[in-house]
């Protein structure tokens, strides 16, 4: 080893002036540099010591440069915890050498989450890490005892009159489509109605007056289900009081409003959401003609219910809820009343109130049957005028009219057994309907006809047979 070091010194002789730059750097090693110069000038230091000093200085520079970067990788300190380098050089333990060291003094840090650490950039801590509950410092100058045990909840402002009508009108109109009272109740609970609870029946009744009979039935059912959950019986009484006061204005848009409001009152008393003495409390105190008519209508309906008539039938069952037999009877009664009165508008109104546009072909069928069974011309002409009016007003559609005629065409052989002249009457009626524009030419051509029987004296083609004598 000494021989190799001597050869190295001979090849690269050490320059005393540049020794400080090659061996040490920094102010902390300035004293050691001057001592080495003196020792070299004294010519008593060995070559092996110089080489060892160079290696130690190089290791110290590397350690100082990579101390903060390589502190957690174990490149500088051995695995057994000793302060010895893998090359065998001892790590300097000078307090001044650790002054600018960024490594944690305890080896593990303070245990706090680091921003940009395991959770990612800008995240404090790893995902799912649970921190301790922050305890309130009572001695904190900003401490407020009112902030402890606070419960926060969303506060909905009460609706004013304008917002009330704007918010509830779509809800009630949508209810007329789906008929789910529970959904309406849930939506009303989310609103802060406040003192406007009594306005719910008023708005519902006013919208139902402009609708159909089925809408009024649904409104009565809605009021019955909402009473006790969203509003009380006193709210219902206040609402009907307001409806009676508003009857003069309601009658301008709906002339039948007094009778309809009376039916609503009778139904409410029957459902138990109005007390039985509600109508009696108005006796002798009503000056409005419309309000008096509404109360009289309610009194009549309630007196009829005592005789066994159900109060649920004040509106009837609308639309598809009715049975086929019931609809057939209603249409038959409608046609008979029309033949007696001759009022086409009333017949059209009664047909619309049935709310069965898919069953209008039954009216066409029954009307033609009456024509075939009649013996005079009045029924023929009145039924023709009725079908013409219903066709022009689009009350009966093309498909319903066509279906009614096709039913007659298919059943005319059986009808002819009871009505011998049905074929000829049907041909004449179909031709008149075509001339009036009620049916198309194609539908007219489908009308069945029965061939005329030839007499015995008629030959082929209608020619008379020549006499054989």
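In case you wondered, yes, glycine gets a Cβ from its N, Cα and C as well.
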Swiss-Prot annotation (motif 'Nuclear localization signal') - matching range among 441-447, 448-454, 455-461: 448-454
Listed range which Swiss-Prot flags as motif 'Nuclear localization signal', given the options 51-57, 58-64, 100-106: 58-64
Among ranges 42-48, 70-76, 126-132, whichever one Swiss-Prot labels motif 'Phosphodegron': 70-76
Which listed span Swiss-Prot calls region 'Disordered', if the choices are 1-38, 153-190: 1-38
For the domain 'MI 2' (326-449), residues assigned helix / strand / coil by DSSP: 98 helix, 0 strand, 26 coil
Other CB atoms within 10 A, centred on residue 152 (phosphotyrosine): 5
DSSP-derived helix, strand and coil totals, residue by residue, for the motif 'Nuclear localization signal' (58-64): 7 helix, 0 strand, 0 coil
The domain 'MI 1' (163-284): DSSP-derived helix, strand, coil residue counts: 94 helix, 2 strand, 26 coil
